[in-house]
C-alpha cells in the first residue's frame, strides 16, 4: 500500500511531514493494547512477523491497534505461510462496535478452553500420583505412553503455529497441553511404564520447544533459528502422522514402520527443496503450512481411532466417561468462534472435527449402548447445536453480513 504524506508548516521555510495511510483504509480503535499486533488483522495488514507497515512509519501510533475497514491485498499476504491467513471479512463502520466486541469475546472463549482441558488431564495426574505413592506402579501401565507422546508432539506443533499467528489465548491452551502431558509422561517413567531414554529425549524437545516459542512470541529470536525449528516440527509431524494412521488398523494390516520412514524421507526432501530454492513460492508456502496441518490431523485422527476401537470391541465403550467426552466437546467447541472469526480454516477444521466426532460422537455412542441417560444426550445435543448457531450468527453480525453462510464462504474461498 502506498503511503501519503501530510505536510504541516512550522513557519519560515521549515515543513514537518507526517506519513500516513490512505484515509479510507484504516480506522484507529480506542482500545489500547500492550501487544497491538498479537492477532491477525483483516485484509492482511499484519504480517506473520507481527510488524505493521503504519507503525514502522510513525512510532507515535504504535500502541494503538489498526483495523482495516476494507480488504487490501498487501504484500504481507503473499508472505504468509498459512492458507487463508489474514483473509477476514470487512466490517463496515456501522458494525465496527459489534466487530470489536465479538473480537474480544472470541478471544475470551478461546482462553476459557483451558478450563475443560485442564479438568480432562488433572484427574489422571492425581490418580497417577496416588498410585505412585501407594506403590501400585502396575496401574500406570494402563496409560498408553505412545499415545500421550503423540498428543504432546501435536500440542507442541500447534503451539508454534499459534505463536507465529500471535494468537495468545490459543497458544496458552497448547502450552497447557504440553506441560500437563509431560507431567503424565514423567509419572509413567517413574513407574517404569515408559523407557527412560525416550522420556529424556522428549524432555529435551519439550524444553527447547517452549523456550523457542516463548522467545519468538516476544520477538527475541532470529528468523534463522525459528525457521530451523519449523523444519524440525514439520519433519517430525509428517513422519509420525502416517505411522499413527497405519498402526490404528493393526492387526488387520502388517505391523510395519514403513509408513513412518517413507514419510520421513519425503519430509526431509521437501524441506531441502524449499530451503534451496527448488520449489515455487506457492510450494514453499505449502511446506511451511505442513507442520500445523499435520498436528491438526493427528488430533483429528484420535476420534477415528476411538470409533474404530468401539466398532471392533463394543464392550470397551463402557470404559469411556460421558463427563470426559463432554469436557472434550466443550474445550474444542469454545475455540470454534475464534477460529471462524479470524478465518483460520485449519484451526476451525480441527476444532469442529474434534467437537463433533470425538466429543459428541462418543457421547452418541455411549447413548446408543445405554451408558448415559437420555436427558444428558439431549442436553449435549441442544447445547452443541445452539453454540455453533450462535457462533455463526454473531460472526455474521460482527462482519455486517446478511447470512451466516457468507462467513463460511469467506473462510474457504477468501473475501
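Don't overthink the numbers, they just go from 1 along the chain as shown.
Glycine residues also receive a Cβ, built from the backbone N, Cα and C atoms like all the rest.
Database features (Swiss-Prot):
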type: REGION; residues: 74-93; note: region 'Disordered'
type: TRANSMEM; residues: 139-159; note: transmembrane segment
type: TRANSMEM; residues: 176-196; note: transmembrane segment
type: TRANSMEM; residues: 199-219; note: transmembrane segment
type: TRANSMEM; residues: 231-251; note: transmembrane segment
type: TRANSMEM; residues: 252-272; note: transmembrane segment
type: TRANSMEM; residues: 286-306; note: transmembrane segment
type: TRANSMEM; residues: 322-342; note: transmembrane segment
type: TRANSMEM; residues: 345-365; note: transmembrane segment
type: TRANSMEM; residues: 373-393; note: transmembrane segment
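For the transmembrane segment (231-251), the most Cβ-contacting stretch among 139-159, 176-196, 199-219 is 139-159 (pairs under 8 Å). Sequence-remote contacts of a segment are chain residues at least 6 beyond its ends whose Cβ falls under 8 Å from one of its Cβ atoms, and for the transmembrane segment (373-393) they are 322, 326, 329, 333, 336-337, 340, 355-356, 360, 363-364, 366-367, 404-405, 407-408. Between the transmembrane segment (176-196) and the stretches 139-159, 252-272, 286-306, Cβ pairs under 8 Å are most numerous for 139-159.
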